[in-house]
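Notes follow the structure.
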Amino acid sequence: MKRDYYEVLGVSRSADKDEIKKAYRKLALKYHPDKNPDNKDAEDHFKEVNEAYEVLSNDDKRRRYDQFGHAGVGSSAASGGGGGQYGGGADFSDIFSAFNDMFGGGGGGSQRRRAASGIPGVDLKIRLKLTLEEIAKGVEKTIKIKKQVPCKECNGSGSKTGATETCPTCHGAGEVRQASKTMFGQFVNIAACPTCGGEGRIVKDRCPSCYGEGIKQGEVTVKVNVPAGVQEGNYLTLRGQGNSGPRGGAPGDLIVMIEEKPHELFVRNGDDVIYSLAVSFPDLVLGTKVDVPTLEGAVKLTIPAGTQPETMLRIPGHGIGHLRGSGKGDQYVRVNVYVPKELTQQDKDLLRDLRKSPSIAPEAHSAGGAKSFFEKARDIFG
């Protein structure tokens, strides 16, 4: 099973392009085949890093991945763009430009990263249970969630008066650097400023309500638009709907994990559904029409004369809407024979008379005989 691309690069879901590129450079250098000859594990990691970067560095692919996971980008990540030995289509100039960040000389090093306005909020994960009917058509759900919200007393600034001052340690950069000489040249270590936590500014007159954090626990209502065809384990990402960041930091994302409620009538198979129908022996022999429940209401189904037990009958277009593209799956009705446990004496006499008829005797079993239910299901669904 593929790992989450954000996990592969070691970044949060709210990471910007610069953070993603920086993480990619570091990992690509670590696992590059030139540095790890004849190392299959490193080669696999290198491929995985390139695949993750190709998706997360592309706005459209990242949007689809955030909404639908690996299913949203299909196999494009593994086969796109580059066409080289390791696939992916990543820009390898990103790897080699990283040397300017690590060693002195050359172009004089990378530009100083400016501190962000506050610390980004933490992503929030919730679980949303859906019925099969909701999944079949898609649904808009209004839900209440508890999360970190901006403090009303200080408007999220963390300061009682709203005043802040430039950090005296990093002078507003949000980071500190320490240079050291090695056999490869000058090595520069970059870390978040320990004084301001990477914000570049320090709060004055801390708010007594939020203790200077700028955020408090609250409850909000959000709307989630769920497309048709989602499956258990899929997730939707609502950008900026997660926890608010401390002291005006950008909010994190709300990750909605999809759960599918068990259905009392139907079993799901991809975008198709299966319904089991019990039919009397006379109706199987003579044929009949019956009302069959579907996800959209009851429909008439014809049971042909001579239908065998465990036959699968198809009702086109009564399954689940496709996640990508138009159309729906189908509903399959598995026909089983109903065997009553209690009979009147008259019923028993009729069955005894019927049993004497040679026309209802079962055919001799042979290698080419009737297929089992599992064989029929395999033929239908692959």
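Cβ atoms are placed via backbone N, Cα and C, with glycine included.
Lifted from Swiss-Prot, the feature list:
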- Cys151, Cys154, Cys207, Cys210: Zn(2+) 1 binding site (BINDING)
- Cys167, Cys170, Cys193, Cys196: Zn(2+) 2 binding site (BINDING)
- 4-69: domain 'J' (DOMAIN)
- 151-158: repeat 'CXXCXGXG motif' (REPEAT)
- 167-174: repeat 'CXXCXGXG motif' (REPEAT)
- 193-200: repeat 'CXXCXGXG motif' (REPEAT)
- 207-214: repeat 'CXXCXGXG motif' (REPEAT)
- 138-219: zinc finger (ZN_FING)
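Cα to Cα, Cys210 (Zn(2+) 1 binding site) and Cys193 (Zn(2+) 2 binding site) are separated by 23 Å. Counting other Cβ atoms within 10 Å of each Cβ, the lowest count among the binding-site residues Cys151, Cys193, Cys207 belongs to Cys193. Neighbouring residues of the recorded Zn(2+) 1 site, listed in sequence order and excluding Cys151, Cys154, Cys207, Cys210, comprise Lys152, Glu153, Asn155, Gly156, Ser157, Gly158, Ser159, Lys160, Pro208, Ser209, Tyr211, Gly212, Glu213, Gly214, Ile215, Lys216 (Cβ within 8 Å of the Cβ centroid). Here the Cα atom of Cys193 (Zn(2+) 2 binding site) is found 24 Å from that of Cys154 (Zn(2+) 1 binding site). Ranking the binding-site residues Cys167, Cys170, Cys196 by Cα distance from Cys151 (Zn(2+) 1 binding site) puts Cys196 first. Taking the Cα atom of each, Cys167 (Zn(2+) 2 binding site) and Cys207 (Zn(2+) 1 binding site) are about 18 angstrom apart. According to DSSP, Cys196 (Zn(2+) 2 binding site) is assigned to coil rather than to any helix or strand. Separating the Cα atoms of Cys154 (Zn(2+) 1 binding site) and Cys170 (Zn(2+) 2 binding site) is a whole-number distance of 25 Å. Neighbour counts of Cβ atoms within 10 Å were compared across the binding-site residues Cys154, Cys170; the minimum falls on Cys170.
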